[in-house]
Structure formats: structure tokens, C-alpha cells
Amino acid sequence: MSRLIIVFIVVSMICSATALPSKKIIDEDEKDEKRSVAVAGAIIKGAALTFNVLQTVLKALGDISRKIAVGVDNESGKTWTALNTYFRSGTSDIVLPHKVPHGKALLYNGQKDRGPVATGAVGVLAYAMSDGNTLAVLFSVPYDYNWYSNWWNVRIFKGRRRADQRMYEQLYYYLSPFRGDNGWHERHLGYGLKSRGFMNSGGQAILEIHVTKA
């Protein structure tokens, strides 16, 4: 009888030890889900990217006259890895989300420089795609609407390229950007991909882009 009791105790201890890692994995998954909220710098499910989510990101920036919330949905079948952000005007306190798997969307923001300065929020995001090429996203929210308008663009560059002044000029001046006109625009990007995006026309802007298989 005593041997049976000992065997029972040993088996119970083994089962308990086996259950602990599983619980830890579940806890980590729950933490990841909690991190996937509507804040700049987060990665969320692609299907969850909506105007309401971007408005939440925008609101978190506070009372700033020139600001933007950016959401880019990855339905490309590829994984994206952040390279950098180049700001032509303005800034952001957010680190560009590092990894964006297929089926997920990144959230980011930008704003005018702090203080009484006449600047907008203008920049380019660059992501290395798992096929070896670079996805680039332009956003432009100007300070002076007497002379300028909102503009955006999304393009794929061959090979690996970091965002810089030259990339900004290509996207803004030469590669047919879209005006932020409160409407949706579509474009074939090449490499078997296409895009669909929306940007509003105001100084507190949202930019929603979906990159999908063509």
C-alpha cells in the first residue's frame, strides 16, 4: 500500500511540473493579446484596422494642430521588418514597430515639432520585405494649407533601401502620390502586390493603407 501511495505522489508531481510550462505559454499569449491595442507602435490584427482605431491613435497625441495616425495592413503573404523613419518635417516619439507578419497591421504616428514653430508632419516609413525588396510609405501633413495639401504614397523599391531625403523626393514629386482628399485610392505595386488607401484632408489626419496580393 505504501508503495502505491509513493507512486501516486510521484505521478502527481510529474503532471504538475508538465502543466506549468503550458500555463506559462498561455499567460504569454494573453500578454501579447493585451499589447495588441490601438496605440502607436503596436501591431494589431489586419482585420481590426479601422478609422476608429486610427482616431484613437490620433487622440492620444493630444491637442496638436498638425498630426497624423498611420495604419498599414500587411496582407502581402510576406513578413516586413522595420528599417527606419525619415522625417522631412515634424517628429514622432514612437519607435517603428519592428516585425509585421502577414495578417497583421502596424500603427504609427507623427506630429509637428514641439513649440510655436511653423512645421507640419511629413515623413517616410521603410520596411524590408521578406522577398528582399523595400516597402515605403509617404505621409505629408503640411503646416500651411494656403500653399499645400495632404499627400500620401506607397511604393515598393527593388532591394533593401532605408528612407532618406532622396526616397522622400521620389515619393512626393515623381512617383504619382495621392492627394489626401477623403477618398479611397487603389494602385498596383508590382511584385504581385496592390494597395488600397485612404487619407483625409485635415491637419489632424489619418492614413489607412492595405497592401494585398494582386
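Any Cβ shown, glycine's included, is placed from N, Cα and C.
Annotation source Swiss-Prot lists signal peptide at 1-19. If you look up Swiss-Prot, you'll see 38-47 marked as region 'Plays an important role in the hemolytic activity', on the strength of similarity to another entry. What Swiss-Prot records for 46-65 is region 'N-terminal region', and it gives similarity to another entry as the kind of evidence. The annotation phosphocholine binding site is assigned in Swiss-Prot to S89, V122, S140, P142, Y168, Y172, Y173 on the grounds of similarity to another entry. Residues or ranges marked as region 'Trp-rich region, which is important for the binding to lipid membrane' in Swiss-Prot (evidence: similarity to another entry): 140-155. Taken from Swiss-Prot, the feature site 'Important in the initial contact with the lipid membrane' covers W147, Y148, and the record attributes it to similarity to another entry. According to Swiss-Prot, the site 'Interacts with the lipid membrane' annotation covers R179, S195, on the basis of similarity to another entry.
Between the CA atoms of S195 (site 'Interacts with the lipid membrane') and S89 (phosphocholine binding site) there is a gap of 25 Å, rounded to the nearest whole number.
Taking every pair among S89, V122, S140, P142, Y168, Y172, Y173, the residues listed as contacting phosphocholine, the largest Cα to Cα separation comes to 16 Å. Distance from the CA of R179 (site 'Interacts with the lipid membrane') to the CA of Y173 (phosphocholine binding site) is 12 Å. Cβ proximity to the phosphocholine site centre (mean Cβ of S89, V122, S140, P142, Y168, Y172, Y173, cutoff 8 Å) flags the following additional same-chain residues: R88, G120, G123, L138, W151.
Counting residues 6+ beyond its ends, the region 'Trp-rich region, which is important for the binding to lipid membrane' (140-155) has Cβ neighbours under 8 Å at 66-68, 72, 88-90, 110, 112, 118-122, 170-172, 175-181, 187, 189, 195, 197, 199-203, 205, 207, 209, 211 in the same chain.
Secondary structure at Y148 (site 'Important in the initial contact with the lipid membrane'), taken from DSSP and collapsed to helix, strand or coil, is coil.
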